[in-house]
Ligand SMILES: Nc1ncnc2c1ncn2[C@@H]1O[C@H](COP(=O)(O)OP(=O)(O)OP(=O)(O)O)[C@@H](O)[C@H]1O
C-alpha cells in the first residue's frame, strides 16, 4: 500500500473513530484494545421489470456480470459500459431468501455478542426497497425473516441452563418531513434525537415493546406499518414518503458471576427513495415530502463523503436521518447497505447515481465493539434472587422500566413503593460515572445511618430526585472551582501592584510556573502551592510537602541597587517537588492517555472535546502512548502546549486530584 493510500485510510479510520458512536464507549470487553474495523458491506439488488409491457419493449439498462459485479450501459457512448463491483450482486431472478441468507443473516450473530448491526435499503423511488425489506405475505422480506431468526436464536441462547438470560424489545419509527414519529404510538408527536455521553444515539419517549415470539412481533408491527406515510406518485402507487426505522434491541444478562450485561441493537431501515420530480409529477404536499426526502438523502451522501475523506467534521447533525444513522455509518455497527436498482431505461440516471452512492459507501469503515458492562458486585445477590423468581414474577420485577421505556402511558404511572426495581435493569443504561457517584452516595447514606431504602433499590421517582441532587452538588462544586480561579486571578493582580506585600505572606497562592521578579527581601521559606494542593494536604497529612525554596540569587544588576524592580533578575524562588511525586503524576497522565475515554480525558486541564477526540483517535491508530511527550505527535498539540499541559496537570494528578483510570 503506498503512503498516500495508507494516509487516506488512516484519516478515514480516524474520522470513523472520532465521530459518531464509536468515539466514546460504554465500558466494553477489551477496553484499551482497538476494535477491529468492519467495512460497510454493500449489496446491489436489481428488481425485475414490474411493468410487463415495458419489459417486452425495452432492454434493461443494467446487466449482471457475476455474483459481485454488474455493468450499466453508457448512454453517452454505446460502445462503453460502466462496471461496478460490490460485496454481492443479486440479479432480477434472485429471491428474497437469496438476499436474506447471503447478506443479512450473517450479521445477526453479532447482536448476541453485544454488538450493533444495521441493514439499510437504499435506491430510487420504485426500485424495490420496501419489497426487499418488508416483502409480502407470499414473499416475506428481510424484516420478517430477520425477526424470525433472531427470536429463535435468542430463545436458544437464553434457554434455562445457558449462561445468559436474553430479552428482545422493538421500537418502530419513521422520519417524515424531518419529524421523528413513533409508529407504535402515532399520537406522541415529533420526538427528539439525543446522544448520551457515550455517543449512543437515543430517542427519549420512543415506545419499546418486549417481544418473545414472532406473533408478538406481528401484533405490534403490522398495525404500526399501517401508520407509515405512503402515497401515490407517477412512479410508484404506494411510494414510501418517509424513512422507516425498525429498532430491535437484544439485552443479555449473565446468570452467574461476574454478571455481565450486554446490549446489541439492530436497525432495519427502509429509506424513502430519491425522487426526480420532473418524472414523479409531484406537486403540493408530495413535492414538499420529496424535498425533505431528497435533502436528507443528500446529507447522507455528504456524511459518506466526509467519512471517506477523513474530514474532521462529519455532518451527521444536518438531518434527522443521518443523526439516527450515526451508529451505522462510521460508527459502531456491522452495516449492510442494499442498493436497489430498477432495470427500466427511464431509471437510468437514478440507477447510476444509486450505484455511485453504493460504491462510495463501501469505503466507509466502522468499528463495532461489544457493549458490555459489569454489574457492580454489591448488586449481584439481587440479580440472583431475581433468577429464583418464577418467569411471571421476574417479568413483573423487571416490568415498568424494561417494558415501557419511554412509553408515555407508563411514564406517569405511579410505581408502588413496595415494588423494588431490579438494579440490573435500572443500571443497564446508566452512565458508569453516574453509577459510581450513586454508589458512593449510597455508601455515604449508609454510613450516616440513613433510614431510607438503599439508593439503588429506591423506586424510579425517588431515584431521579437523588440523581438530580447529585447533579446539583456537582454544579455547585464547579461554581466553587470557578470562584477559586477568580480569587487566584485577583490575588495575582494584587501581587503585580504590590509585590512587597506578596512576599511577606507565606500563604500567597500562585500558579506554579509564575516567577518572582522583585528584589524585595523574601522570607527565607514560604509554602506556596495551588489551592487544590493545600486542600489535598489538609485532607491527607501524609502527602508530601512541596515548597518554594530560595534559589541562589544571580542578579546581574548592581547588588546595591535594591530599590528598582529587576527586569533581568533571575528567579529567587522555585518549586521543589519530590521526583517520585512527579514521576507518579506523569505515570497517571500516561495511564489516562492510554486508557481514558474522551470523556475522561476532558477532565484534564487544557484538554477540550476536540483534543480529547484527537488523542483517542491517535491512540486508536498508533497504539498506546509510550511517554507523555508522545502527545506532541497528536495533531494540533505543539511543544508549548504540551509543556503547559504538563504544568497544569502533573501535580494535581500526582496528588490524586483527577478522576479517571489510574
Ligand atoms: N424483486 C422484486 N420482485 C418483484 N416485484 C418487485 C421487486 N421489487 C419491487 N417490486 C415491485 O415493484 C414495485 C415498487 O417496489 P417498492 O414499493 O418496494 O419500491 P420502493 O423502492 O420501496 O419505492 P418508494 O421509495 O417509492 O417507496 C412494487 O409493486 C413491488 O412489489
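Quick reminder: no glycine exception, Cβ is built from N, Cα and C everywhere.
It should be emphasised that the depicted structure is a prediction, and the values quoted were computed from it without experimental measurement.
DSSP assigns residue 125 (ATP binding site) to coil, not to a helix or a strand. Feature annotation from TrEMBL assigns ATP binding site to 123, 124, 125, 126, 127, 128, 129, 130.
What TrEMBL lists as coiled coil is 470-497.
Annotated domain 'Kinesin motor' per TrEMBL: 39-364, in sequence order.
Taken from TrEMBL, the feature region 'Disordered' applies to 1-33 (among others).
Under the heading region 'Disordered', TrEMBL lists 375-417 (among others).
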Neighbourhood of ligand 1 - binding-site residues from 124, 126, 128, 130 with Cβ under 6 Å: 126, 128, 130
For residue 130 (ATP binding site), the number of other Cβ atoms found within 10 Å of its own Cβ: 26
Cβ neighbour count (within 10 Å, all chains shown) around residue 128 (ATP binding site): 23
